[in-house]
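Visitor: Structure in structure tokens, see below.
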Amino acid sequence: MEVIILPTAKQVACYGADVCESLIKTKPAAVLGLATGSTPLALYKELIKYYQQQHISFSQITTFNLDEYVGVSASHSQSYHYYMKTQLFDFIDIDPGNTHIPHGDAVDVQQEAIRYEQLIHEKGGIDLQLLGIGRNGHIGFNEPTSSLNSITRVKALTNATKADNQRFFGLGEYQPTHAITMGIKTIMQARQVLLLATGTNKAQAVKAMIEGPVCAMCPASCLQLHQYATIVLDQQAASELIMQDYYQFAKQACDTLFTQSGEGCTKSYG
Ligand code: F6R
């Protein structure tokens with residue numbers, strides 16, 4: 001597990017975008033696993049910028065999102081279909097036919113989960129899986145006590161997750177209680193995993209993920225067992241880590257490769 005601590009959330013996003021860019025340059029037909037939520041928003045903005053600046057093309061890229069709410073149609077403003085369309089897909093040259101998100105409004109959601117898992121395998125598996133982390137340590141919607149061997153399925157959301165996501169729903173608006181999510185095994189099968197976390201509200205979960213035991217109570221801790229997992233944190237999210245000094249080696253190495261100027265990112269490597 002590689003832990004990179006950067007001064008700001010903006011730098012975390014830029015770092016993540018640069019990892020995606022490098023992969024797309026070396027493998028133009030890569031399969032990307034995508035996340036939603038607040039954390040990747042800035043990363044997606046950077047990717048759009050790289051596309052507009054003609055650094056990269058998504059024309060051959062395939063994507064699989066981690067999850068979707070059950071009972072929510074693609075056109076619903078809080079669906080992850082809508083999120084991906086309005087935050088990324090509408091602004092890049094990706095073929096909509098190559099973008100995959102579970103259908104939360106499928107008649108048989110259990111069958112939809114099975115179909116989704118099979119499709120990931122049919123497309124050759126995920127090259128790079130992007131992740132955020134919930135305050136309770138979830139990845140995707142694999143809530144605490146999820147099987148570390150789970151594959152794509154329907155999961156009930158915890159009260160903590162529902163409370164965290166309440167901000168996206170209007171007063172009195174229906175808020176989903178379940179989601180179709182890639183399983184922990186599905187995520188672990190990605191060839192590379194990149195988890196971003198920012199802000200003090202993630203510090204406890206980040207500590208449990210990196211320095212706690214591998215256990216189902218913190219699903220993200222499974223990444224300790226991944227061959228190629230990179231965790232990119234801002235200082236706030238890293239604030240509870242005991243071995244910060246050690247991780248700063250990674251930061252120093254990173255600083256020589258990566259500089260920030262003004263509003264945007266300036267890459268010093270290509
Ligand atoms: C999103 C997802 C979730 C989020 C997590 C953090 O597709 O699967 O695991 O990554 O809940 O959400 P934010 O970034 O909003 O704090």
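Please read every residue number as a count from 1 along the shown chain.
Just so it is clear, glycine is given a Cβ too, placed from its N, Cα and C backbone atoms.
Copying in the features that TrEMBL gives for the protein in this structure:
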{"type": "ACT_SITE", "residues": "D67", "note": "active site, proton acceptor"}
{"type": "ACT_SITE", "residues": "N136", "note": "active site, for ring-opening step"}
{"type": "ACT_SITE", "residues": "H138", "note": "active site, proton acceptor"}
{"type": "ACT_SITE", "residues": "E143", "note": "active site, for ring-opening step"}
{"type": "DOMAIN", "residues": "9-227", "note": "domain 'Glucosamine/galactosamine-6-phosphate isomerase'"}
Visitor: Using Cα coordinates, what distance in whole Å links E143 (active site, for ring-opening step) and N136 (active site, for ring-opening step)?
Guide: 8
Visitor: Determine the Cβ neighbour count for E143 (active site, for ring-opening step): the number of other Cβ atoms within 10 Å of its Cβ.
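Guide: Its Cβ has 22 other Cβ atoms within 10 Å.
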Visitor: Round to the nearest Å and give the CA-to-CA distance linking N136 (active site, for ring-opening step) with D67 (active site, proton acceptor).
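Guide: If we compare the Cα positions of N136 (active site, for ring-opening step) and D67 (active site, proton acceptor), the gap is 17 Å.
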Visitor: If you average the pLDDT over the domain 'Glucosamine/galactosamine-6-phosphate isomerase' (9-227), what number do you get?
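Guide: In the predicted model, the domain 'Glucosamine/galactosamine-6-phosphate isomerase' (9-227) has a mean pLDDT of 97.
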Visitor: Which active-site residues from the list D67, N136, E143 come close to ligand 1, meaning a Cβ under 6 Å from one of its atoms?
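Guide: The active-site residues passing the 6 Å Cβ test are D67.
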Visitor: Give the sequence-ordered list of residues that share a chain with H138 (active site, proton acceptor), lie 6 or more positions from it, and have CB atoms under 8 Å from its CB.
Guide: P144, S146, T158, T161, P219, A220
Visitor: Which three-state DSSP class does D67 (active site, proton acceptor) fall into?
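Guide: It is in a strand.
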Visitor: Using a 10 angstroms cut-off on Cβ to Cβ distances, just flag whichever of D67, N136 is the loneliest among these active-site residues.
Guide: N136
